[in-house]
């Protein structure tokens, strides 16, 4: 490809090629979509996956038997009247169907029952017990297997084996990711 110089620039320059492309640009694209005609053959099956339905989608929420306990910690207000704890901030969720029995009514409350709160905080262990968050063993299992309860300098508690194994892979606390090493934790004697 030879290029000849002109006063206006090279004949086969990129700018000249761009100008010719723009001059012979594609025709305007039509704004309306044209339907494609499908030709059915004897052996082919056509499956419509567009899911265009004229009826609205209805989700039935009346038959959900699952219960979710949400623990919202609120500070008590001064001079606030003390309400009974059972149903103070609760509402009844029931079906609009009169035919269904009333024993299916569910109380929804912002307060968590004391026994559910204790189980939710530390698994199935009551509060005040020590367990390793990695292997989930309690104090008695840890001691029976010859391990120690250890605490990092950031205050997190583990069994000695789990923390040692964790520090082999990463020199950080498994809970808060603060940099620690094998010299930065100590046993706790209970």
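Glycine residues also receive a Cβ, built from the backbone N, Cα and C atoms like all the rest.
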TODO: Given the candidates 30, 94, 101, specify the residue that Swiss-Prot annotates with phosphoserine.
DONE: 94
TODO: Select, from 90, 95, 151, 166, the one residue given the annotation phosphoserine by Swiss-Prot.
DONE: 95
Open item on the list: For the feature motif 'SUMO interaction motif 1' as recorded in Swiss-Prot, pick the matching range from 24-27, 32-35, 36-39, 40-43.
Closed with: 36-39
TODO: Can you dig out which of the ranges 46-49, 50-53, 62-65, 74-77 Swiss-Prot describes as motif 'SUMO interaction motif 2'?
DONE: 46-49
Open item on the list: Using the CB centroid of 154, 156, 173, 176 as the Zn(2+) 2 site centre, which other residues of the same chain sit with their CB within 8 A?
Closed with: 152, 155, 174, 175, 177, 178, 180
- [ ] Indicate the candidate from 173, 176 with the smallest number of other Cβ atoms within 10 Å of its Cβ, considering only these binding-site residues.
- [x] 176
- [ ] Run through the Cβ atoms and count how many others sit within 10 Å of the one on residue 156 (Zn(2+) 2 binding site).
- [x] 17
Open item on the list: According to DSSP, collapsed to three classes, what secondary structure does residue 156 (Zn(2+) 2 binding site) have?
Closed with: coil
